[in-house]
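According to TrEMBL:
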ACT_SITE  C95  active site, acyl-thioester intermediate
ACT_SITE  H348  active site, proton acceptor
ACT_SITE  C379  active site, proton acceptor
DOMAIN    7-256  domain 'Thiolase N-terminal'
DOMAIN    269-391  domain 'Thiolase C-terminal'
Amino acid sequence: MAEMSDVFFVDGMRTPFGRAGEKGMYWNTRADDLVVKAIIGLMERNGEVPKDRIDDVAIAATSQTGDQGLTLGRTAAILAGLPMTVPGLAVERMCAGAMTSVTTMGASIGVGMYDLALAGGVEHMGHHPIGGNADPNPRFVAEKLVDPGALNMGVTAERIHDRFPHLTKERADRFGMASQHKVQAAYEAGKIQPDLVPVAVKDAEGAWGLATEDEGRRPETTLEGLASLKTPFRPHGRVTAGTSSPLTDGATISLLAGSGAVKEFGLAPKMRMVSFAFAGVQPEIMGIGPIPSTEKALKKAGLTIDDIGLFELNEAFAIQVISLLDHFGIADDDPRVNPWGGAIAVGHPLAASGVRLMIQLAAHFAERPDVRYGLTAMCVGLGQGGSVIWENPFFDGKKKRK
Ligand SMILES: CC(C)(COP(=O)(O)OP(=O)(O)OC[C@H]1O[C@@H](n2cnc3c(N)ncnc32)[C@H](O)[C@@H]1OP(=O)(O)O)[C@@H](O)C(=O)NCCC(=O)NCCS
């Protein structure tokens, strides 16, 4: 008989993230090959896991067409050399695609149907511009179900500024700059690199190279530089390229396991799933979505925000993260929040990003036995939020560090 099980994040890896577009390092690389590389890298690093025991492979992509089409979980599994007996599926919840891959596979493990699963996502925003192949139903606008601006994520970020005038452009700029500086410091300390799978890339002249680092970083960012940037989403607006996640190509993957598989294969999980939740909000201000999803996830876990020692929040836009911090009474520069920076600097390949947050939180947990619980959370297009709370297996019960 299948038994309920704990759900463990055993390990996660990702490709370096590239700038989307013709000048980006992955312009000549297929989207599916990015996630295939990530799967190969993760399975190599976890060689004790028999490939034929993987119960399912869930891969998310927002745009499920072309080199991101054809039931990515199945095709990527075959291309990565997993046995033909391993099934796979494709997942879609826009920016929370990979997060949904994890929660869906995690739930299947939790009820005892699966022992091991792979969960991740990919987005090649160069090959698949946001909303490029979508045909939104005219009723959305004709019946005023949502405002046309709700389909442009930058416009929804401007609306958060409108709604919360005390969350100023200056605060958002400072947050955007800090993200760049924190990512650079993390790179210099060698924190990010261990979880990256290098990817062979071909440039416009056909010369081969190797992608080993996130391409879009701007460590030289200053407040003065940010203050002068254009506001592409509204004339005289407040959201700029410096406070937005850039358009990005990249893939992520994680290995999840139940208690039985952890024991059977002697695995050393990096995190235990405590709870998860998704929530809907007004699409016009989609960036506040992780507030209610976090409240739901905390309630399910029987925790409060004060129990969370580390936050990995997806920086779709600076203002959107700041609105969550403000809601929970957390300072913009609280050291528990995105300690190694975030999506404003490394990029946000939509359906891949959820697992990047988890990879990063897992790396923190290993260094922070004083922290018991961590949160990964993100906003989602058309007005949603997603949150997953994790427990640190290295927690040693000591008092929280100040
Ligand atoms: C904001 C956005 C429109 C900018 O796109 P872009 O104009 O192609 O971005 P660029 O990288 O060329 O940056 C624009 C300018 O700002 C400058 N810039 C960007 N970041 C900077 C920084 N941190 N410091 C200084 N200058 C910066 C660039 O150098 C560039 O300057 P230039 O025009 O003189 O060349 C785009 O990144 C975007 O749409 N982001 C949001 C994506 C999204 O919606 N994701 C889903 C979230 S839910």
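Yeah, the Cβs are placed from backbone N, Cα and C, and that goes for glycine too.
In TrEMBL, annotation is done automatically, which means it is predicted and not curated.
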Whole-number mean of pLDDT values that fall within the domain 'Thiolase C-terminal' (269-391): 98
Integer Å distance between the CA atoms belonging to the residue listed as 'active site, acyl-thioester intermediate' and C379 (active site, proton acceptor): 7
H348 (active site, proton acceptor) versus C95 (active site, acyl-thioester intermediate) - Cα distance in angstrom: 8
Summary of DSSP states over the domain 'Thiolase C-terminal' (269-391), given as helix, strand and coil counts: 53 helix, 34 strand, 36 coil
Cβ-Cβ neighbours of H348 (active site, proton acceptor) (radius 10 Å): 27
Other CB atoms, at most 10 A from the CB of C379 (active site, proton acceptor): 33
Cβ atoms near the residue listed as 'active site, acyl-thioester intermediate' (within 10 Å, other residues, all chains): 34
